[in-house]
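Peer 1: Please see the structure below; I have some questions.
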Amino acid sequence: MKQYTVKEIEALLPELEGESDPRWEMLRRDERKSVQALLARFVKQKEREKAARQRWEELMRYERELYAAGIERIAGIDEAGRGPLAGPVVAAAVILPKDAYLPGLDDSKRLTPAKREALFAQIEECAVAIGVGIVSAAEIDEWNIYEATKQAMAKAVAALSPSPEHLLVDAMTVPCALPQQRLIKGDANSASIAAASIIAKVTRDRWMHELDRRYPQYGFARHMGYGTPEHLAAIRRYGVTDEHRRSFAPVREALGVQS
């Protein structure tokens with residue numbers, strides 16, 4: 001049988017029909033180190049692809065149960081920015097198509113900024129609908145962060161077109177009349193919620209980068225508004241902006257305001 005060049009093998013590997021293909025056994029017997037290294041990389045890539053597909057099927061469990069019940073438009077809901085001392089709380093709602101496949105999708109907190117940005121673009125391209133709700137720091141101070149988060153989620157759902165038939169929500173209840181399921185750690189257990197977590201996180205991070213350009217002395221692009229030593233020191237030195245949550249204890253304490 002013909003001995004392939006390494007370049008020919010690179011082109012051939014994607015065509016092989018698994019290890020039962022007679023050409024696979026021929027390649028395994030090839031003693032050239034370059035060929036064996038190529039095969040090892042190919043096997044690892046296939047293992048990664050298999051793991052990604054298995055993870056995707058795990059993430060789609062709740063969605064598939066609803067599809068089986070005849071429910072088509074399922075929106076995942078999640079938020080970003082409940083804990084920071086500055087900036088808005090952002091919620092997102094995402095309806096994915098039934099045939100969606102987004103390998104690498106996961107809870108946004110588990111992903112690098114570059115991976116989140118890449119998935120953000122993929123979600124935008126494939127989603128049936130995306131809605132975003134933003135509630136400002138002033139509104140958070142007026143309502144409290146829990147109520148503000150619920151209102152951000154309600155805004156995100158209202159922004160969806162077409163409207164969803166059912167909601168999967170990360171650990172909260174959205175104030176609306178739609179049927180919904182509250183899932184603990186939903187962003188790690190539902191594809192729709194994980195997609196919403198990406199949209200919410202990237203949207204809020206971009207917002208904070210814009211604030212960093214307006215208020216460079218606070219370091220918003222580095223800490224995203226969280227209460228880091230750098231941020232607290234900046235508040236003590238420069239005071240607060242309109243984007244700071246004055247009702248949050250660390251901000252009050254940094255300003256010397258009693259609870």
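The backbone N, Cα and C atoms fix where each Cβ goes, glycine too.
So Swiss-Prot lists these for the protein:
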| type | residues | note |
| --- | --- | --- |
| DOMAIN | 72-259 | domain 'RNase H type-2' |
| BINDING | Asp78, Glu79, Asp170 | divalent metal cation binding site |
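Looking at the shown structure, can you explain where the listed features end up?
Peer 2: Mean predicted confidence for the domain 'RNase H type-2' (72-259): the pLDDT average there is 97.
Look at Asp78 (divalent metal cation binding site): DSSP puts it in a strand.
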Peer 1: Among the binding-site residues Asp78, Glu79, Asp170, which residue has the largest number of other Cβ atoms within 10 Å of its own Cβ?
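Peer 2: It comes out as Asp78.
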Peer 1: Give me the sequence-ordered set of same-chain residues, not including Asp78, Glu79, Asp170, with a C-beta within 8 angstroms of the centroid of the divalent metal cation site's C-beta atoms.
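Peer 2: Apart from the listed residues, the neighbours are Ile77, Ala80, Ala91, Ala92, Met153, Val169, Ala171, Met172, Gly186, Asp187, Ile193, Ala196, Ser197, Ala200.
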